[in-house]
Structure formats: structure tokens, C-alpha cells
Amino acid sequence: MKLLSLTAISVLILSASAAPAQSKTTKAKVAILGGGVAGISAAKNLVANGITDFVIVEARDELGGRAHDIEFAGIRVEKGCNWVQGLGTNPVNQLSKKWGLQVAVNDGTDVVFYDNHGKVNGTKTYNDFNDALDKTYDFALKRVDEADISSRACLNIVGWNPDTPLKQAAEYYAFDWEFAENPDVTSCNYAQVGDASYDGSFGPNSDDDQFVIDQRGFKYIFIQEANQFLKKHDPRLILNTTVKNIKYSDNGVTITAKDGHKIEADYAISTFSLGVLQHNDVTWSPKLPEWKRVGLFGFHMATYLKLFLAWEDQFWDNNQYTVYADPANRGYYKQVTWQNFNAFTPKNDTTNIFFVTVTQDQAYRLEAMSDNDIKKEVTEVVRSMYGSHIKEPTHMYVPRWHSDPLYRGTYSNWPIGELEEHHLNMKAPVGRVWFTGEAMSREYYGYLQGAWIDGGEVGTKVAKCIKNKCPKQPYYPEILLTDEKPKFVKRQEWI
Ligand SMILES: Cc1cc2nc3c(=O)[nH]c(=O)nc-3n(C[C@H](O)[C@H](O)[C@H](O)COP(=O)(O)OP(=O)(O)OC[C@H]3O[C@@H](n4cnc5c(N)ncnc54)[C@H](O)[C@@H]3O)c2cc1C
């Protein structure tokens, strides 16, 4: 196996002083909680607005959050986000260009479909599904003032009926693989907002993806941004510090970490993932108000599990993607998306990584299994696809985002039932704590641009609070059904 040549990894990862933190108290005007993309962007915008008295408190030993690469089978692969989704003026695309991120062309149509009889032509079915999906977006826009329904209902209404394994596989590839949840639980009204996250929002021809293969990791571009305002060993960067409790009021915030370190701040910006906020990994004093919890618990933190596998030799097709249409198991390894890493790396660089992504219940199932059991299971599946001669993978890595107390999932998805007002409540400040992060972005939830744009906006708002007047952030203590009664026809009673 010839491996990708490793470029010198020159990322300057700023590290905090390692002094024991017991009973230590740090004071700052702003405490940014979490050092992912939203946290970095919030800090950058505080600085841009003249506020330099802040700290970033991060549980891990580096910045980046869900932008997180790991060593696998001799190269660095992205355990977390992997695609620049949306080109043009998308700030993530702009950062990618600014810092010379190495990316590969992504071509979703470079896909081969199989069923249990062998290779099948799935092009028409895949195109049909994409047409149906476009129709659901038009349909959702038309009925935007009406009560939400599921994406499944919308798909059915526009004529999509996944009554064959091939149709189900095409649907999985174009829907679940993006939203990390199926159409049955996903909002129809808001799936269309998710789609617009990169389809058209960022100018002409921006509706495209690029696959990041940079050996410095996707996080490199965000860390480079942080390096513009943080110096080496900057005491404002407090790494390896897990927040346990946040005490808030209209006058200030006290943050207590697991190791006893206290941070007293005039304002705090929480960038914790929706999953973390839902799991009570961090406690609040006083408890978060009910209107806020209703918003937070109603939204979905989905899980998109990339099961990394590598073999000695390539036995799969040269296409970027392979999709299997298993007659019985929607969402099982055989009906999800397999990705051929060799098709993304520069010519003559062979990694022999062929990884598979499972979502939702299959992801939770895998996370609960031992690595050995997963290896046995996936080897059998691959043998059933390519023949009994296939050996066990030489390498395997199972990310466990759903069970990780620092994430509790991979990215958010707008479920049926969550209203605009609920989402505003999720984001609304409590006392002097402001909330940002990927899930808090109405336009770009689920994507890096959501974290970057929303984090920046909240940083700017908090700077305004400090310098002159806090901008108003709406919230709804009660969300009532509309006064206007829907038309209701009483069901005829059986006589
Ligand atoms: C597998 C996967 C695939 C993805 N694919 C893509 C993609 O291709 N394209 C795309 O645009 N987006 C993708 N995303 C989504 C994208 O990664 C996120 O939207 C973005 O990184 C979120 O950034 P954030 O700052 O909002 O949150 P986070 O990155 O979660 O930042 C929050 C930070 O808080 C820290 N933290 C948590 N709890 C505590 C605590 N108690 N104390 C202290 N610190 C704590 C965490 O360690 C983390 O660093 C993907 C995500 C995953 C996981």
C-alpha cells in the first residue's frame, strides 16, 4: 500500500499553562465556553469589536471541536466534518481559499449502485429522487404559513413512493446521508431551509461540495484564524478544562470546571453542542427556564457515523461512491453510502480506505457494540457484497460521537414539530449567557457555516452589550396555538 505523503504539519496549536487549577479563579469580561468553530468565530468578532478581555474554555487539548482529524491507516482523516458544503461566498469556502486548504472535487453523481444480483443502473432512480426532493422544497415554500408536516409526507405528496430497494437506497443516499436522519422525522418546511444552506445562498454556482484531504486537517483553517488573535501560550486559552456548572444572573456568570477552576465573567457565550445541552452534561444554576428547555429538547441532534475501514488492496469500484440496495434493511451497511477514499486522493496515492457511513438508529446500534463485534459484522457484510475471499480490514476506527459527553451526536436536524419560535427560544440568552453554535443558526444549522456565522454574530452582539447597549434577542415565554381556528369538520358518528 502506498500512502499519501504526509505534508509537514505546521499547525500552531496554542496550549494553555498546565498549572493545577484547584481553587483557581480567573476573571474576564467574556467567557467563551467551547473552542470549536463557533467559539473561535465569537472570539475573533469580540476582538474585531475591541474586546480583548475574554477566555476560551475548552475541555479538549486543542481547538477545533467537531473539526477534528485523526491518524488512520497512515494518513490523517477527518473524524468530523469533511466537506466544504457550499462554495462562492460561503465563509468556510473563503477560509479554505485564504489558507490554501487541500480539497478534492466531490461528484455525487460518480456513484455505482448494486443490488443483491450485482451492479444495477440506478441513475434514473437517483435523478427521480432528486427531482422529487426539489419538488418538496417548492411545495414547502408554497405552504410555509401552514402547519409543518414530515419530509416523508411531502415526498409522498409530490409522487415519490420508495417501493423498491433501489428507490430506498437512492433516497438514503440523497436524504439520510445529508440530514443524518430519515424523511419520516425530518421537517418538510425546514428541510428546504437546510437545502438552501448551500444551494444558492452563496452566489452563483455556489451549490457544490469539496472534499477536504488536507493533511493538516480541516481544523487548520480555523486554527489559523485563532492564531491571528491568540499568541503562543496565551493565558486566555484555557484548554483541558471541562465545564460542570454555569451560575447565571442578570449581573454576571460564574463557571465552575470539573477540576475546581472558577471563571467569573460579565458575560458568557455557550457554544456547546445541542446534544450537550440536551444531556445535562453541564448543569445550570438556576435551572434553565422551561421555555428554553422546550426549544432545546424539541430540536434533534442527529448522528452520522463514518466507520473507517482500510484493506490491503482495493476490491471495490473506482467510483467515488458505492450504494447498495439491500432488499430488507434500509439504513444497514448494505444500504448506505460507501466512500472510496482512493478516488479523492492525488493520482498514485493509494490509501485503500473504503469507509461506510451509517446514521440514526444504525449509528446508535454500532456505537453500543464492541469494536471486535463491529469488525466481524462488517467483514461479513463486505464478503456478501464482494465475495467470501475478502479478508478482514487491516484497520478500523469507530467514532462514537453520540456517546461522547462533549458532543452527544454529530450535527442538528430540524424535526417536524419544532416551530420558528422554539428555535428562537433555543438561541435566546438567559441572564448574561448567550447561546451560539451550529444548531442555533436558523439558516445554516448542521453546517460549519452555521457555527462560523452565528458564532461571529453572537460575538458582535456581546461586544455591543459591553460597549453600549445589548441588542434585543426575542424569546417566547409561551408559544400558543394561533387564535385563528383551523377549519374542522366533525367526523360523522356511526349510528
Ligand atoms: C461526523 C461529522 C460530519 C460532519 N460533516 C460536515 C461537513 O461535511 N460539512 C459541514 O459543513 N459540517 C459538517 N459537520 C458539522 C460541523 O462539524 C459542525 O457544524 C461544527 O463543527 C460545529 O461547531 P460548533 O463550534 O458549533 O460546535 P463544536 O465543534 O461542538 O464546539 C463546541 C466545543 O465545546 C467543547 N465542549 C463540550 N462540552 C464541554 C464542556 N463541558 N466543557 C468545556 N468544553 C466543552 C467541545 O469539545 C467543542 O470543542 C459534521 C460534523 C460531524 C461530527
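The backbone N, Cα and C atoms fix where each Cβ goes, glycine too.
According to TrEMBL, the signal peptide annotation covers 1-18. What TrEMBL lists as domain 'Amine oxidase' is 37-455. The feature FAD binding site is assigned by TrEMBL to Glu58, Ala59, Val243.
Here the binding residues for FAD are Glu58, Ala59, Val243. Their largest Cα to Cα distance works out to 8 Å.
A simple Cβ count within 10 Å picks out one of the binding-site residues Ala59, Val243 as the most packed, and that one is Val243.
Excluding Glu58, Ala59, Val243, which define the FAD site, the same chain contributes Leu33, Gly34, Gly35, Val57, Arg60, Ile238, Thr241, Thr242, Ala257, Leu406 within 8 Å (Cβ to the Cβ centroid), listed in sequence order. Remark: Glu58 (FAD binding site) has Gly34, Gly35, Gly39, Leu237, Ile238, Leu239, Asn240, Thr241 as non-local neighbours, by Cβ distance under 8 Å and separation of at least 6 in sequence. Here the domain 'Amine oxidase' (37-455) has a mean pLDDT of 94 out of 100.
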